[in-house]
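K.L.:
Take a look at this one; I'll ask things after.
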Amino acid sequence: MASNTDESSPNPYAAPVPVDAVPEQDWGTGTVIGNAWKIYAEHFRLFGLVALLVWLPIEVVMVLWDDLLLESSGVSGWLLNIIFAFATQWLPEAIALCIARSVIAKEKPTFRNSFRQGVGVWLWLAWTNLIATIVVSLGFILLIVPGIFLSIRFSLCNAVVVDERLKGTVAMRRSFDMTGSHFWPLLGLTALMIAVVAGLSSIDLLISGPIQVHSNWTTSLGWQVTMAVIQDTLMIFPSLCFYFYYHRIKMDEVTLEPLVPAAS
């Protein structure tokens, strides 16, 4: 007997995916970067606010901590500084990914809602990255290759935490499973993003060096603050690229799900 199920009909058991949220499903790394850039450019004001209102205050606190407290607080202050720096760096990341998540879900992102959502997953993000960093560091200590392998396989942890609300080793396992057949493209994407970050850092050093030498303290501080905001805003883009790669894999998972349950 012929099946009444239309093979072209949508999967009733799949998670809902917003229509036209992403232009296509068979997209390569170039398309991933292009989609990330499109969202980045269209919502640049929001990402700039993340850098200005979240990243910059964190960096100011860290600078004051180093200059005023670290010298007199000894080893305990040094450890607290490391903990504070590691924990707080994931808050802007969480907010930026929540903005991207709203865009993909065809919702209008706002700084207030994204901030609230980011704070909700911030500590999960920090905890997951702490475990992943320890595991990857052990891989680098044992041998360079395992460290590189693990860093790529865990590269989607942040997207998993924000999008699926998983955390810790569960999020790491999810990222590990998702990246199984995408190792080489993700390695290439990682290398490209490292090159971009290195290029931005080089430009900063070339420009800021002469300014700090030939200007007064106020001008030098103003330049540092300006470059910090610019760099922090630009550094959001690599995170968006990995988030869109995660979304690409997730779209493939939905597409590959069976249209009907298996017969018992």
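Each Cβ is built from the backbone N, Cα and C atoms, and glycine gets one as well.
Reproduced below are the annotations present in TrEMBL:
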type	residues	note
COMPBIAS	10-20	compositional bias 'Low complexity'
REGION	1-20	region 'Disordered'
TRANSMEM	46-65	transmembrane segment
TRANSMEM	77-100	transmembrane segment
TRANSMEM	121-138	transmembrane segment
TRANSMEM	144-162	transmembrane segment
TRANSMEM	183-203	transmembrane segment
TRANSMEM	223-246	transmembrane segment
K.L.:
Who are the long-range neighbours of the transmembrane segment (144-162) in its own chain, taking Cβ under 8 Å and residues 6 or more past its ends?
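P.N.:
Distant contacts of the transmembrane segment (144-162): 90, 93-94, 97-98, 101, 121, 124-125, 128-129, 132, 135-138, 171-172, 174-176, 178-180, 183, 186-187, 190, 239, 242-243, 245-247, 249.
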K.L.:
Could you tell me whether the transmembrane segment (121-138) and the transmembrane segment (223-246) are in contact, taking contact to mean 3+ Cβ pairs under 8 Å with a sequence separation of 6 or more?
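P.N.:
Checked: the transmembrane segment (223-246) vs the transmembrane segment (121-138), no contact.
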